[in-house]
Amino acid sequence: MVSKNQNQPSTPNGNLTPTSASPSKVGVENMVGTPVNGRARQALIYVNGGQDLGPSSAPTSYAGSECGIIEFTREDVEALLNEKMKRKDRFNYKERCENMVEYIKRLKLCIRWFQELEGSYSLELEKLQQSLEFEEQKCMEIELLFKNKEEELSSMTVELRNNYASLQEKFMKEASDKLTVMESLAKERDARLNIERSQATLSEDLGRAQRELQSANQKISSLNEMYKRLQDYITSLQQYNGKLQTELSSVEDDLKRAEKEKATITEDLSMSKAQLTLSRASQDEATKQKDALASEVACLRVELQQVRDDRDRYLSQLQTLTGEVVKYKELTEQSCTELDNLTTKTTELEARCSSQTSEMKTLKEQLTAAEAKVQVSDISAVETRTEYEGQKKLVDELQRRLADAEYKLIEGEKLRKKLHNTILELKGNIRVFCRVRPLLPDENCNSEGKVISYPTSMEVLGRGVDLRQSGQKHSFTFDKVFMPDASQEDVFVEISQLVQSALDGYKVCIFAYGQTGSGKTYTMMGRPGHPEEKGLIPRVLEQIFQTKQSLQPQGWKYEMFQCWKFTTKQSEIYCQQIKLLLNVWKMGLLESNMLLNMMASGNTHVSDLTVVDVCSAKEVSFLLNQAANSRSVGKTQMNEQSSRSHFVFTLRIYGVNESTEQQVQGVLNLIDLAGSERLSKSGSTGDRLKETQAINKSLSSLSDVIFSLAKKEDHVPFRNSKLTYLLQPCLGGDSKTLMFVNISPDSSSVGESLCSLRFAARVNACDIGTPRRQTNIRPSDTRLNYV
Ligand SMILES: Nc1ncnc2c1ncn2[C@@H]1O[C@H](COP(=O)(O)OP(=O)(O)OP(=O)(O)O)[C@@H](O)[C@H]1O
């Protein structure tokens, strides 16, 4: 610390000048406690290097004291003292005195400056005192104000206390409410725990069901294998049977041949016997003739003897009777000729007799040989008969085994059908498949990225689809999601089981829903002129006709196949009117009061509808092409070739197996709905606008029906539109329904896509009941029921 007396000498010129090499702060320390004017003074003198110190930078609190005091850092002072100590040795005393004088001069200048400052400060002090008085007055006023405020505040405090009391009351009430809420929360928690527990049991059930499903699948595959094996076995049995049959027929041929031979031999034998009898008769005759001839010869001999006697007599008489010699000579010659004749006749007869004897001998030999042959053929006939009986027994045994195998096969088929339908029931009787079509060449991918994406988590792989709209992601899960690269075949594979159900006697309904241009017609009908891109309808028909062939060996034999009737029809519901596709050119639009009756069987009947019986897929595809060509097509802003009508393709299937007395009656409805579109976006006007409104109305009726069925309401509004009325039998609780929701990946259609996906998600959450199989119904007239 530096203490400085006011009486110290000042610089001669009285100016405050900084030391040449001085730092910006210079401090001087003097002894503390040195008496100055009888008082010890302390001071720090601060000299700003070369700057004019104004009143603002000068200390103010020391006005009126004997010297100005300025803060000086200790470090600076210590540094200065050190410097001084160091310099002590280096400078001589004189120099130090000079320095000191110079220094004192400066100090004096400072003091003067401080005195000036003090004057200015006293002025300021006066001003301040005045302002203090003013402030005091102000304070008085403020105090008054404060009092008033205090009163106000006290009244407010009272009020606030009252408020506080009421608030406390409220708080108490709230607390009790909170308690009740906590209680209900606890109850809810319990309920939630219960739900979680039941969810766990349900998931366990689900797991069990899935395991059962797996085992059922395994059973099905084993049954299928068994079925294949049985088929192979049956084929081999049939082959064996065929072989046996051919062998049997060859044996039968042999037998026939042998019998024929026997017959011919017997015939020959009887002929021979007859011949023999004839020969014997002729022999007898010949013997008789011989005897007669012999007696004749004997007579002739007797006559000859008589003649000879006569000749002798005559010769004796010749001698006597010369005239009569010529006469007698002639007579003798004549008798000789006659005798010769008789001799030759006898020789001839003898030769004939001997030839007949030899003939008889050969005939006897032949007879013996024939009898031996007959004996041999009798033995072979007995052998053949025993062999034939053995073969017959074998054939009977084989036929019994075949019938056994067929019975097993039929039982297996029954089990397969049951398991197949159990699987489908487990999958749900209303299912939703989503199909996203690829971007078309004239559509551009959104600059912000793709609108549609597919989650890759294992849980929803192949079943999930995400749609992004204005940066927000909407996720949906369906039974199956087909990405744009899915082929028509991939889609068909997934629905082929439903076609099998229709063949097993169920009502099946498959419909495509979606905005205009989203690919409904492509899915149902395919791309015309591209057989590899043919749609579901032609593929379904192919499957049905193939199954018809393959079911033949299982009892649905060709003769019985005559009982199968494939009846197809196409009907089009257009602007709430029913238009007949096949004779649309003849009839045009039908009147709205057209008769729609419910048949006793629960099937809808459309009057005057042309029904065509078809026998092959070719015939049906011809009819389909006709139907597709006569379908109403229009152009909207959203699709160049928009289908402005619903297309309903119905296939009715009757099956009879006469060996098992089984009959099935199934219905398959394939529907390409007209495109749903926003009126504003479609750009429709006039008739087209009416048409779009009608389409939207019938689609909304369809959704009303589905949701009403899902809620199990007593009244289902089937009659709200022709479409739902016509489809009533197939949309009812006892049918299997599959919905395709077709989606366009174009970013400009994202709003419509979101609507379609939301509708599909609601449909997917529905449960419309358990399907019933229609069996043992022999249709009296299949043409009466159409849907
Ligand atoms: N999966 C697909 N693969 C290739 N092209 C497709 C696919 N789906 C649809 N398309 C094409 O998209 C266009 C529109 O399809 P389509 O006519 O089937 O739509 P839609 O939904 O039936 O329309 P609308 O309701 O107006 O009749 C057609 O050119 C069709 O060939």
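Just so you know, glycine gets a Cβ as well, placed from its N, Cα and C.
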Query: Between 125-170, 447-492, 493-538, which stretch does TrEMBL give the note coiled coil?
result: 125-170
- line: Most Cβ neighbours within 10 Å, among the binding-site residues Q515, G519, goes to Q515
Field: In sequence order, those binding-site residues of Q515, T516, G517, G519 whose CB lies under 6 Å from ligand 1
entry: T516, G517, G519
Field: Predicted model, mean pLDDT over the coiled coil (125-170)
entry: 87
Field: Surrounding CB atoms that lie within 10 Å of the CB of S518 (ATP binding site), all protein chains
entry: 30
Field: Largest tally of Cβ atoms lying within 10 Å of a Cβ, found at which of the binding-site residues G514, G517
entry: G514
Message: Let's check the environment of T521 (ATP binding site): how many other CB atoms sit within 10 Å of its CB?
response: 25
